[in-house]
């Protein structure tokens, strides 16, 4: 096989290849390390961490659906200080970049967790703006352009690592939201997060999820994700990380053709612990098939 250039830059950080994990589906990599050589990944995006521990939502909080799954886990996490103490040293054993996804209930929450990560040995921060803003009546930060710009600007001001902003698809105009994130100082954009959905137990006549609604992920959302990645990539000048239903190399290639510089594998990890490796191998096979020497010959070449 001919040597191919798989390297990409995300917000000025060099990744050996475009394949990474999607936050919330890979923990901090420990559970998967016996199945996956973490050294082969472009980056590990860890499960979201907050300034303080979060207990998450009541159970049941996972439901299978046709072509995917619903989750209402509620960003359960031990807090940023426990993450720094327990997980960074483990990940630094591997030759991969570390991206920390952060969550918050207020702008101040986001800033506090970012400040605590300032001296941590990590590479990038991913700002999850799909959280409800408790100071704005519970409206999700990511659904209002003004709030997106405000929280991005505040976090960017205190961040010591490059900042990725992760967009929710539960909006009318994804381009408007992406532009607000860039105006606030986002160095890169990742999308999409989960689509809001619901499942009903027709025999018990009640919602299957205790939280009633949850986030839909998996193959079912891929067409929506591709459309939004394509729209955003054509509207902003920062790198895009595409996700939403990626399970094969062919899926990843489609996202890169639509304009994504990086691709994140999420729900597929639950069904196949080696999904990230198979996606990477699939990209390499595609490059060999079409005699592509550099990954950039694919990105945005629709």
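Easy rule for this one: first residue shown is 1, then count along the chain.
Cβ atoms here come from the backbone N, Cα and C positions, even for glycine.
If you look up Swiss-Prot, you'll see 23, 47, 48, 101, 128, 166, 192, 218, 244, 245, 266, 267 marked as FMN binding site. Reduced to three states, the DSSP call for residue 266 (FMN binding site) is coil. On its own chain, residue 266 (FMN binding site) has 21, 22, 24, 25, 217, 243, 244, 246 as residues at least 6 apart in sequence with a Cβ closer than 8 Å to its own Cβ.
Taken from Swiss-Prot, the feature substrate binding site applies to 47, 71, 72, 73, 74, 75, 128, 193, 194. Around residue 72 (substrate binding site), a 10 Å sphere centred on its CB holds 24 further CB atoms from the protein chains shown.
Here residue 131 (active site, nucleophile) comes close to 75, 103, 104, 105, 140, 141, 142: these same-chain residues lie at least six apart in sequence, with C-beta atoms under 8 angstroms from its C-beta. For 131, the entry in Swiss-Prot reads active site, nucleophile.
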Cβ-based isolation winner (fewest other Cβ atoms within 10 Å) among the binding-site residues 48, 74, 244: 74
Close binding-site residues near residue 23 (FMN binding site), where close means Cα within 10 Å, chosen from 47, 72, 74: 47
For residue 194 (substrate binding site): intrachain residues, at least 6 apart, with Cβ closer than 8 Å: 71, 130, 169, 214, 215, 216, 217, 221
